[in-house]
Structures are given as C-alpha cells and as structure tokens.
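These features come from TrEMBL:
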- 31-52: region 'Disordered' (REGION)
- 298, 325, 376, 424: S-adenosyl-L-methionine binding site (BINDING)
- 497: active site, nucleophile (ACT_SITE)
- 542-565: region 'Disordered' (REGION)
- 546-565: compositional bias 'Basic residues' (COMPBIAS)
C-alpha cells in the first residue's frame, strides 16, 4: 500500500458496529423495513447519582413494533431536537421517499430502522443560566433560549451521565455560564462524543460502556487567560469523578476550545488537551477511525456502519474509486480495507521515477499507481486521515491518495481515472459544477484524454491558491501521466443527508439520460426527526425502459384427445 498526499485548489465543503437482524417486515407501501436490535427507551428520569446500575445499564433488545416505538421523552415539544414522538421506526418522510423511488423504477427500496433510543453518540450542547441553575441543552426553536435536556432519549446514556457530572461541577465550583447579552461568563458550549471502541470488553458490551470525550468551549482567548484556573478545576473535577479511578469509568478525555467570537460559530481555532487519552478511536466500516475533537463525525455511529456495509456490496472487486467530499477518507479507506480497490503496479523502465512516501512508521518505495482517491476541502481532516491509515491492516495492497481540493473546481478532473465515484455532500447537495460534469459525462470522453490530472500538475504552476494549498500537503512529482487511466466512472454512489437537495440532484442526473437509478436504500440516522439518510446507486446510461404488458386474452391450449388402448 502506498499513500500520497497531494493538493489542488481549495474552497468549501463538508461530511459506528452492530449485527443485523434477519427479520424483514414488508409494509403496505411496499418499502421493506429492516430493523436492527435496539434498546427499549431508557427511564423517563435519571438519578443524579452516577452508578453503573442507573446510567449505564445494559439495554434489553426487543422486536420492533409500532406500539413500542414511541419516544416518551419529557423534553418533547420544548426541545427543538425531535419533531415527532410516535412511530420512530417509520418517519413521516418515508412514505414520500418510497413513492419517489417507485416512480423512478426502484420498487425494492429498503429502509433500515437501526437503533431508536440512545443512538446519538455525538452532541453539541449550549450552556446558559447561572452557576446555581445551569441549563445544558439545545436552543428552543427560533430563539437563543436554552432548553435543559438532562433526560434526552436520543442521547447515548453516557452523554446524559457526562452532562449530569458537568452540571455538578459547575455548581460545586461556582462557574458562571456564558451570558450572550453581557458577553460575560465562561462556559459557552460543550461537545460530548462517545467512543464505543474498547477492545478490552466483549463486542456485545462495548456500545453500552461507551466513554465520553468532553470538549468544553471556554470564553477566553487561550490557556494564558486569568480564567484558565477555573477551567482546569472543572476538568480535574470531571476526571476525578468520571475517570479510570472513579466508580464508573465514564470520561475518555477532557479538551478545551477557546472562543470569544460573538457570532454563532461554536468552536474557535485554538484547542488544548487537558486530561485523559489524546487519541479518540471508533471502529466503523471494518476499520479503526481516528477523530479529533474538531473532526466531523457521524452522530449515529451504528447506523453509519450499517450504511457502509451496504455500500460495500455496490463497489465491484478491483474497482478504482474516487471519494468526493471525503472528510478524513473513512468511506474510501473502508472500501480499501474490504479489498474492493485495485492495486495497479507499473513495470517501468530503468529511468522511471520511484515514488516514496514517508509515514510515521514505515517507508514505502513502490512504482505504484493509486486506486483510491479521497478529495476533501478541509485541511484539518489530513491528520485524521494520516492516523487512520496507520491503523489499516498490513494486508491491504491498494494505493491510496488524499487531496486537499475543492470538488467544484475542475470537477471533471476528479472523475477521470475512476470506475466508481462516491459522493457524500453536505445537506445542500452537490456543487452545481459537479452536477454539470456528471450530466455531460458521455461527451467528456474526448476532453478527458487531453485533461491534465489534478494529481500531477505542471512544475511551473503559478496560481497562488494552488501553491498555498500545496504548502500544507505532500506533493509527488511524476513523469508517468501518460500511463494514467483516462476512464470515466460507470457507477455513482450518492450518500445524502438532505432529502430535498437529493431529489433535485437525482432528477437533474436522470434528465441528462447519462445516468439511471439502479438501487436505493434509506437509513434511520435520526429517529424522532423528519430526516432520513439515503444511499442511492446510479449507473451509466439511460437504463432499460419499462415495457408495458400487452393486454389481451391468452390463447387456451387445446387438450389432446386421449387414446385408449
């Protein structure tokens, strides 16, 4: 395996293990609902006492049913998080999605219900109120009034336990929450992220024993401010009462983020690790994934893993893959780990250059061509990518590259050389320039042959935005661009978190006759909301038209006369 870090023009972009139930339920609207084992809703109230019996109890698994799928949350309606409390396994939007796909010829649309309670493993919560009565929760719809949600049914139980511990620390240490009007106080927000990756426990116990990375957003410029002592006291309180030497090991680590801005941006640019483990790992899609506190991470890790397992089935063995809007490259690396991606080795002449990539642990010296490209605009994702590849199995022989680039700039260049392209855009959907490139893909074959690869730009590059991007990357010069494949993708796999934008993008792709919709699956990433995650598989070409059956009576077969002997 060789790994290249390269860059191109930057701009804007974004965007975990369980066993599957074998039960399949077919509803009246023809969608197949595929449930996973899920816990019953936790008790409506939480004890203020941190104990393994109350806050981290082992959830029981029950078969799915409409009558047993109510939220039963005391914060419903006052909190802006959930929009409906009944039929969590069947969001209202599911009926519309089923009809939409059926009209497009996908009659076997499936919907994976996943876990219905305690599914959220990542939560950003505002902190307001006073030190004697802190409010830790979400803003009320359309306001900046914080609703306290100590008994949230969506949160992993460890998050609720960590919030309770934080609340106690605020009260005991007299730490003032942030006041937006006066711009005083210290505690602005907190991010709670649960890791269920713990190899010291049996796999069946890891989820319920998840530990929390606590990231405190502090109203100061840095750790040199006068208030840092208060922050350090709060971190120490949480570690002493939730760390490895406490009755229940709840806290994975404590981080600080320093933010003084008056806008609605939650995190500032300055981070500091205070206590606990530095590295945060999760296991998803068959690989260990590193996430920094500033990294984007899926809130519903089990549902995301379920989606990745499904996605693997639609990538042909040995395919060359481009992962757009890749973040830390989890999707691309997951496919490489599943041995879905081709290793391409050139037998070169003696004067051919030799590619070298130096990692923290190994030096690779290979005459090799990449088979997985991950393209991401956020340079902060580079560290997560580097650490994740260091944990990949040594048996992986795919060539992998990560590019700091904006997919909206020269999008066709990212499609060239790939048999499969995977897109996981933010809620707004695909960039218009990428849609146009996909629509015109049939007429782009000739252009692709003359197009210069973004991986190997000319040495005399002068565009300042490209040069700046290269400063943060590792660039490999090449004299073998003529050897590079100029094929264009035959398969497009679209992962969508925005239903409205997906519908628009889908119809735009189909209207060009360059693509047809082959398969579609839904995932219940956010039970209790109107949102569903979509995995759609498009294939090149207009697809086979649906032939109408001819009406008419069938000819009856004439009965042969019986012969008696």
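Each residue, glycine too, has its Cβ placed from N, Cα and C.
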Whole-number Å value for how far residue 497 (active site, nucleophile) lies from residue 376 (S-adenosyl-L-methionine binding site) (Cα to Cα): 17
Those binding-site residues listed as 376, 424, and which of them has the most Cβ atoms within 10 Å of its own Cβ: 376
Packing count at residue 298 (S-adenosyl-L-methionine binding site) (other Cβ atoms within 10 Å of its Cβ): 24
Cα within 10 Å of residue 497 (active site, nucleophile) - qualifying binding-site residues among 298, 325, 424: 424
